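K.L.:
Heads up, here are the entries from Swiss-Prot:
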type	residues	note
SIGNAL	1-23	signal peptide
TOPO_DOM	24-1220	topological domain 'Extracellular'
CARBOHYD	ASN32	N-linked glycosylation site
CARBOHYD	ASN112	N-linked glycosylation site
CARBOHYD	ASN153	N-linked glycosylation site
DOMAIN	320-541	domain 'VWFA'
CARBOHYD	ASN407	N-linked glycosylation site
CARBOHYD	ASN447	N-linked glycosylation site
CARBOHYD	ASN497	N-linked glycosylation site
DOMAIN	557-639	domain 'Cache 1'
CARBOHYD	ASN649	N-linked glycosylation site
CARBOHYD	ASN668	N-linked glycosylation site
CARBOHYD	ASN707	N-linked glycosylation site
DOMAIN	889-934	domain 'Cache 2'
CARBOHYD	ASN1015	N-linked glycosylation site
CARBOHYD	ASN1059	N-linked glycosylation site
CARBOHYD	ASN1111	N-linked glycosylation site
REGION	1307-1339	region 'Disordered'
REGION	1352-1416	region 'Disordered'
Amino acid sequence: MWPNSNLNAVLLILAVLACPTSSQHVPLAMANSTSNQVPTDPGFMPLQQSPGSVFFVHHNQQNAMQLRHSMEGKLRNIRNTELRVAKIQEIFDSMHFSSAKGASNTRQASSNDSNVVNPQLQRDLQLFSERLSKKIQKATYVVLELRELLRYNLTKVWQYSYDDEDDESESEMDLEMELEDLHARNTASPTDEHVQLYLNTQIESCQPDYETDLEYGSSSTQSIHYNRQQIQILNYLKSDDARATFLNENNARSLAVNGYISNQLVLLKRRLSRSDAENSNSKPISGNHFKHIYFLSNSDGASASLHFRQLYVSAIKQKFVLFLIDVGSALSAELFDLSKSFVHEMLQLLEDTDKVSLVTVASEANFMSLEAFPAEAGHGIYSATRAHKEEIISFINSLSRAQAFTNHSLGFEYSFELLHRLQQSGMINTAEQPVEFVYITRGLLTNLSDAMAVLRVVADGQRRLRAPVIINTCAVVLDEKRIMYEKQFLNDVASQNYTKYEIDVASWWPSGQEASELVGRFYVLSKMHAETSLPQTSSRIFGPLFQERYLSDTLEVHPPVVDADSGDVLVSITHAVPPYGVVGVNLYLSDLLEDLLNYPSTTSSAKQGLGYAFLLDRSTGNTLAHPAFPRPLIQRETSYPVNIAYLENATDFSSHIRDRLLREESGNVTTDVYVGRQRLQRTYYWQSVLGFYVLCLVSSGGDTLRNVSSTQRYNLKDTVSNYEPGYYGESMDLLYHRLDLNQGGSAPPKTCRYFRQVATMDAPTLFLSAAAFESPFGFLHNNRPRTQLRHVESIMAYLRDSSGLLANMGLRPSIRHEVGVLYQAMQQLRRRHQDARGSLRSHVIRRYIASVSGVLQLYPGCLLSSSYDPTRRPWFRQAIAQPGKIVSTAPYLDAGGAGYIITIAHTIFEGKAHALHSAQQDRPVAVVALDVPYAFYYRLILEGTPICQLPHIKCLLFEHEGYLLAHPSMLQPATLTKNQRRPHEHLTHKESYLANDMLNHGQLVRKLGCASYQNRTLQRYYAFNTSLSSILGNVVHGERTKYAIALIRGSNLFAAVLNSSCDGGAFCPCSTIDRECLNCKRMDQTDCECPCECPMVGDSSSPSSLMYFANYTRQFPYCPPPSEHFIALPPTTQLLSTLPNCPGSAGICETYSTQRECLGVMGCEWCQLDVDGNSFSTSFCSSQASCFNGVLASLTPYGELDEMELLAAHNPQREQHAYSAFGPLGGAIVVLVMVIGFAIYCYRHNLDAQTQEHFYVDSVQEENYGLPLSRFNFDDCKAHDEPPLGGGYDHASAQRQLMHAADISPYHVSSGSSYRRPPNGESDHGYSTMTPHEDSSDQQCFTLAEPLLLHDKRHSKSDTMSISTSISSPTNRQQSSSQPNTHPYLSNQPTSKTERYKQVQATPSPCRGTPAGGSVYGQTTLPLEGDKTRPHYILAPVTVHRHMETAES
């Protein structure tokens, strides 16, 4: 910076010459359109300030300038000294290093500028489509072979014997020869023999066995015998099926067929594995493309996991499911929950093309009407899309039982009336469409003669339909032994036994149709076996519809789903084989997309118009891969289907280009796209892949339109040093990151414990992400532990080979050169890390450098997860998005165990001989970074700016989105009730007044939004102007809080100084439960709110959905995929507790005596509280693991304390390796306390059981009126606001509140807590920032006025045997239950889906009425008469003891 003598002179000149400038435009993401910018009031004029007026007029802005000056100097020192940016840039310039990815993007841009077809891009498209076609063809061949196997061979298998073990070798022949031979002998279609066969669902996992070699020998034989034994057991257990008998020759026949299918699946798995093994010889990294091969049997309804049951049911096309649900009083609470769970199971099996309707019946019947979809609600039928199913589930959860018995006849009458109306309107066709009628009931009849009336109603309803439908009945019971009459009645309904009741059906019965064709199935849903019976019944109930006329006769490629067991994203290819079942294979989505996921572009470059790729489902236009999507590897739940029209904002894409993509086999088209204020030309190249998918590569021009006015020179030397030319060879001291493997060499590296990582200080480690390999999928899924060591040794030998004789082990061609260049840069970082004179040696956790190709080197060397990708981390993305600046991330949790950390990063540009680099022109090829503790920046503030230590002065640092990096609260301990430290603490969380006022500065910050279509949300966030040149202060004058904000030049950080004696007044509404915005109908620039999200309301199946979501596309850009903040480390065989601590990582915290010295030191925390929240008389510096967040022995986000950390927590002044007898003694004490506590619990439990008849608990909410709890039945009497049919009262919640009253402040409970606000209590609507302090006395006053809810068994009898009432003043009167509580500050109340249906259906309960005035029984309300002036009333709690009551009462 300038010398002090010249500083004042320069500022004087600026004060004279400066003039007010116009509001500057905030540089936003380039994909934002002008419609996304929130306009400000035209009459509003922000405060215009010149640098001179800032310096001389406002003293607070002088403090901001001082803070900015200090931080700029420290960041400059970090960039040059700690990150060694200048030196590393010299290395890249001397070696003329450039990235192949960047070169390809340049070629695309230059080609498109001249409107010439890009030959390189077309070659890539051809190559990618061929690879994808081969993978899908291989899968389709397997599926077709399985189909032929079942279609022509099963009916003949029982004639052959498979018990001869000598024939095992003959079955090794190729499957094609066997199929041809059997097909020649039998070309007839399947016969009726399948009726006598009971086939089992069989699933073979194609995952390689990590513990054994690929030789199958005896292991496969044992597997076959095991499968046969399992088949026999399953067949024995399935004796309840009425269609097959296993006590005759059919049992042996079924066993033979099941054994044959199992053998063929094993042989097919062997052949696929052998094929992959042969491919791996030619390609060192070759993936196994199959997850499962399977046969889903129609006999058992695909009794497997949810995903397989969905595949089985999806074979039945265009289904219509009608639910008739009994909600009468015969159902207990448990049975009613069982009914809801069964409907939920069935809904999960339906796909988007299916239809659903629902009718509830008790003494009255009602159709399901969803408010969120009024168009469909008018007809009572809904498509089974994900949005509809979620709303239906919410509706079902809101149902409650009625107080009257069930009128079964009325339920069937309403159901058939609905079917007739839908048939007349053409929405269903019972003659051509599969209809599933399911009646879920207790089956209790008021009179045995009611069964005849029900069958007459059914017969009359069937008569009005074009074709009769099959009815399935489900009895929900607690015990199957006491349902004799109910079982007979429901069995008659399912079988439509009209003959038994002499009902004439000749007038409508189809001619030539057998009675068995209308026979449905009767199921028993028992509470005792709910975990197994519900899933199995939900899929088996579709068995009668598994007919050839309802099934598809082509291959089906299903949308990707996340496997609940493994977490993999799978794509299934299936084929129906009537009448046996479904055959198919599961493929990895990451395998199909490996070329597209690592296509040379990042999300930021895709948004800026550079090349990218996407993959579409040709039948639906839904997207499988796009730069807006995260990697399948980190996807945790199945996303909503996203049409490509939602993501592409090019001109004429939705109206013209999209149709061409889905219709034409191949082609290209060029159109215009507006990115911000720029007009670019975007070209789409596409190719159809076997008719299933459409692969599209996109390139955009317009790089010449960028502003290239400024250049920045980072290398101050005119001459470039000649670094060591031999960066290959054995002298390269570099280790592969797999430190858990013995990598050979002269001496194995010395491993140690670095926080929670296995690390080494001997050398830096090399990590190669999946993008560095030719087959990224093979790298991620072929990591067999036994072969991994050999693979690691081969990679390192190839990288060190200077002769060029060793073969490439599957790496991309440019990786070897990048490793050598990055190694030279790492030597600079390693020497700086080991320098004992370094001023930041105790603060820097680790240093690393990563290339855009996914090569990472770090020191100290650490073990990383194989799924780690440095190019997708937030520090890498932010540095690439802001090249030439030193970028800092918001605090996040370190996977290595260092707690909350901040990453400081800087880009390295491609090498140039003249060493001149421009942030606008040059391409970044690498990012160098280091990690520091989260409090590091606040330590820098205290060291460089003494003014920040004064009272009423706050100094803050926040990054370009408003997340705090430094705040005075970092000096205070974090607890659940005070100073909660979030991983991402935003400015609006901590400084509400500053956030409210700074939103008036249009040239400082914009409130923006983006669309996340995968979870159907609109994300709101803040974007700060990183080109700000002035210092901004208060817009509203006269406020008690004065502030000044300035940009720290050359970075993405902003400095703020607040001078205030009282921070009261302003607040920003933030939800304490989730991220949902409190007002989704309004988004104004000056409305302060925390970063939040709003749901998108819409249905992807409606005809107008495309235009509906396209409207979002025109207004908001798509959100980038979430950054991969935390990726857990892989488990190792080495125990961390047995490893010695790495030098410098432990044992130094006790040497710091003050908080200032302890602040920001890695692995250290200033310990101020014990685990009970009590302050220490003398605080001390301790290890972070033992005093996380300043609380001794508190739990960390990593889990429980291990033995060494627990020892350190109870002995903070003792080193961890010192011996202490606390372990054995403490263990004995804990065991003794547990034994005594258990004995006391047993004694009190028995005592409470004896005196339970005398204990009463009163609750105004539940109105038990003093009944003993042992005699109070929650199922017989309900709350006064419960509806008879479709109400909104939760019995489980009511019972919990009666026994455990919630007396917790909602403002002092973390968002992750299990606390839930009482249903009739006042809601705070998430205004957490309004009460930053402890509970006030006002709340205690209100507590006195509320009824007493006792939940502690240790109360005295005089307390528990009493009724608590209150005399209420007019201002303290409770609201009527029919009117929900409203908040005066909100125009629209954020209610959940369940609560919405509760409010609509709320009616008084017939159990016990409420007074006409709406008052609650047990509450005394003083009367009000007109407007006459009344004297003041006294508010006092009154306790009436039951010992005072008379016998008559």
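Backbone N, Cα and C define each Cβ position, glycine as well.
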K.L.:
Say you check the Cα of ASN153 (N-linked glycosylation site) against those of the glycosylation sites ASN407, ASN497, ASN668, ASN1015; which is nearest?
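P.N.:
The answer is ASN497.
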K.L.:
Pull the DSSP breakdown for the domain 'Cache 2' (889-934) and write it out as helix, strand, coil residue counts.
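P.N.:
Secondary-structure breakdown of the domain 'Cache 2' (889-934): 0 helix, 23 strand, 23 coil.
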K.L.:
Of the glycosylation sites ASN407, ASN497, ASN668, ASN1015, ASN1059, which sits closest to ASN447 (N-linked glycosylation site) by Cα distance?
P.N.:
ASN407
K.L.:
For a three-state summary based on DSSP, what are the helix, strand and coil counts in the domain 'Cache 1' (557-639)?
P.N.:
16 helix, 30 strand, 37 coil
K.L.:
Which of the glycosylation sites ASN407, ASN497, ASN1015, ASN1059 has its Cα nearest to the Cα of ASN668 (N-linked glycosylation site)?
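P.N.:
Closest by Cα distance to ASN668 (N-linked glycosylation site) among the glycosylation sites ASN407, ASN497, ASN1015, ASN1059: ASN1015.
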K.L.:
With every protein chain in view, how many other Cβ atoms are within 10 Å of the Cβ of ASN153 (N-linked glycosylation site)?
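P.N.:
ASN153 (N-linked glycosylation site): 20 neighbouring Cβ atoms within 10 Å.
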K.L.:
Of the glycosylation sites ASN497, ASN1015, ASN1059, which sits closest to ASN649 (N-linked glycosylation site) by Cα distance?
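P.N.:
That would be ASN1015, the closest of ASN497, ASN1015, ASN1059 to ASN649 (N-linked glycosylation site).
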K.L.:
Counting Cβ atoms within 10 Å of each candidate's own Cβ, which of the glycosylation sites ASN407, ASN447 comes out highest?
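P.N.:
Output for this query is ASN407.
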K.L.:
May I ask which residues of the same chain, at least 6 positions away in sequence, place their Cβ under 8 angstroms from the Cβ of ASN1059 (N-linked glycosylation site)?
P.N.:
ASN60, ASN63, HIS952, ILE953, THR1041, LYS1042, TYR1043
K.L.:
Around the C-beta of ASN1015 (N-linked glycosylation site), how many further C-beta atoms are within 10 angstroms, looking at every protein chain?
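P.N.:
Around the Cβ of ASN1015 (N-linked glycosylation site), 13 other Cβ atoms lie within 10 Å.
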K.L.:
If I restrict to non-local contacts, at least six residues apart, and a C-beta distance under 8 angstroms, what lies near ASN497 (N-linked glycosylation site) in its own chain?
P.N.:
LEU455, ASN491
K.L.:
Report, in whole Å, the straight Cα-to-Cα distance of ASN407 (N-linked glycosylation site) from ASN1015 (N-linked glycosylation site).
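P.N.:
Rounded to the nearest whole number, the Cα-Cα distance is 42 Å.
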K.L.:
Check the DSSP secondary structure of ASN447 (N-linked glycosylation site), expressed as helix, strand or coil.
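P.N.:
Looking at the DSSP assignment, ASN447 (N-linked glycosylation site) belongs to neither helix nor strand, so coil.
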K.L.:
Over all shown protein chains, what is the count of other CB atoms within 10 A of the CB belonging to ASN668 (N-linked glycosylation site)?
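P.N.:
A 10 Å sphere around the Cβ of ASN668 (N-linked glycosylation site) contains 18 other Cβ atoms.
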K.L.:
For ASN153 (N-linked glycosylation site), what is the secondary structure state per DSSP, taken as helix, strand or coil?
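P.N.:
Once the DSSP labels are grouped into three classes, ASN153 (N-linked glycosylation site) ends up as helix.
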K.L.:
Suppose we draw a 10 Å sphere around the Cβ of ASN649 (N-linked glycosylation site). How many other Cβ atoms does it contain, all chains included?
P.N.:
20
